[in-house]
Amino acid sequence: MSRLLFVALLAISLGYVASSSSNHLPAGLAMDLGPGVNLNERFFDQVRALIKRRLQEKGLAKPEQPELAMPLTDDDAVALQNQRSYDNVPLPAASVPTPVLVENWPTEQHSFGQVTAVAVDPQGSPVVFHRAERYWDVNTFNESNIYYLIEYGPIKENTIYVLDAKTGAIKSGWGSNMFYMPHGLTIDLHGNYWITDVAMHQAFKFKPFSNKPLLTIGKRFRPGSSVKHLCKPTSIAVATTGEFFIADGYCNSRILKFNAAGKLLRTIPQPPEFLSLQVPHAITLLEHLDLLCIADRENMRVVCPKAGLISSHGEGEPAATIQEPDLGRVFGVASFGDIVFAVNGPTSMLPVRGFTIDPRSETIIGHWGEFKNPHSMAVSVNGSALYVTEIGTNHQTNRVWKYVLA
């Protein structure tokens, strides 16, 4: 009886995966969480393999007979020669920090709207970017990705708040009457704020508390796929060299690399690069490894192509890829040292939680946390704290979590 129940549950689970869509999510979340789960073939191959092993362990399926080795074709040989030379030795367990939740943080509840992003400034203060009363739903954009609600004007409230790292109390705020549909926030080592607005189809660089951008990429309210346009950009990563990367985003599914002055240097992917992205939702840099790690959301993976900061050597090589059956749709990534932290979002019946990833060995080396709709994350400059935001439909579900990295 227990065996039959086990098989039935597996069948139901697979059926649920295939039929899942964002329509099952709460109102106000569906569009931002994506139009549905993209069925990635490699992901489901791994799921099928996992189920087959479980059935074999329980005696419900015969073990497969080993296949005879086939000679390599010329194409196979070329592919092997082009593989990466990453160090596949996993990091020592003692060197991997473990996120530990800080209970009762913040000490006072905030009345944020959807908290789409968090960053940490050079002083160690967490900074949140929220939508106030705005929600992204089916009435926000038309089929050409044009923002429907321009006539309502920008959000009148402060959209950016600087919090106290110890208590979570609001220290200061700004960003009123500037943004229409906030999405991404990054703060560089000089304290500059890098912001994306999906309604405006633009990315900005600001000095703190300034209402005039130092740099603007994209055309205001004009989505497009040319080198001068963006379409619902999601995230920005900034190198110490001043070069920066924009994840562009919901429509174009590409990464754009610029020099410090805003001149386009590179598009990822580009021929002959063998890489396909589907909603790059967040990005983070591991400069010492010369890697740009991407939350490739609808492909249910984290991919880390060469950033090309040290040299152009290695650009276009196959990206390090982390994709396992329990990873699901990846919404946020952040990094410190050799480690990438990630959070997934609602994906069928998979747990929604945090992941610790070693990009060099392309493995998940830890799980932590429990969430409902996480959207963004950031690590403090000194690596002592990790913050995760969630978006929801009320003040209780729109919030920020703090973890210490022990």
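Think of each number as a place in line: the chain as shown, counted from 1.
Heads up, the Cβ atoms here are built off N, Cα and C, so glycines get one too.
For reference, Swiss-Prot has these:
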- 1-19: signal peptide (SIGNAL)
- 168-209: repeat 'NHL 1' (REPEAT)
- 218-261: repeat 'NHL 2' (REPEAT)
- Cys231-Cys251: disulfide bond (DISULFID)
- 264-308: repeat 'NHL 3' (REPEAT)
- Cys293-Cys304: disulfide bond (DISULFID)
- 358-402: repeat 'NHL 4' (REPEAT)
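Listed in sequence order, the residues of the same chain lying 6 or more apart from Cys251 (disulfide bond) and placing their CB within less than 8 Å of its CB are Asn145, Pro223, Ser225, Cys231, Lys232. Long-range neighbours of the repeat 'NHL 3' (264-308) within the same chain, counting only residues 6 or more positions beyond its ends whose Cβ lies under 8 Å from a Cβ of the stretch, are 34, 37-38, 40, 43, 184, 227, 234-240, 243, 245, 247-250, 253-258, 314-323, 327-335, 338, 340, 342, 345, 347, 357, 359-360, 376-377.
Mapped onto DSSP classes, the repeat 'NHL 2' (218-261) shows 0 helix, 18 strand, 26 coil. Taking Cβ-Cβ distances under 8 Å and a sequence separation of 6 or more, the neighbours of Cys293 (disulfide bond) in its chain are Ile283, Thr284, Leu285, Leu286, Val302, Val303, Cys304, Val333, Ser335, Val340, Pro359. Under DSSP, the residues of the repeat 'NHL 3' (264-308) split into helix, strand and coil as follows: 6 helix, 23 strand, 16 coil.
The residues of the repeat 'NHL 4' (358-402), classed with DSSP into helix (H, G, I), strand (E, B) and coil, number 0 helix, 23 strand, 22 coil. In this structure, of the disulfide-bonded residues Cys231, Cys304, the smallest number of CB atoms within 10 A of the CB marks Cys231. Taking H, G and I as helix, E and B as strand and the rest as coil, DSSP gives the repeat 'NHL 1' (168-209) the counts 0 helix, 21 strand, 21 coil. Mean pLDDT, taken over the repeat 'NHL 3' (264-308), works out to 96 on the 0 to 100 scale.
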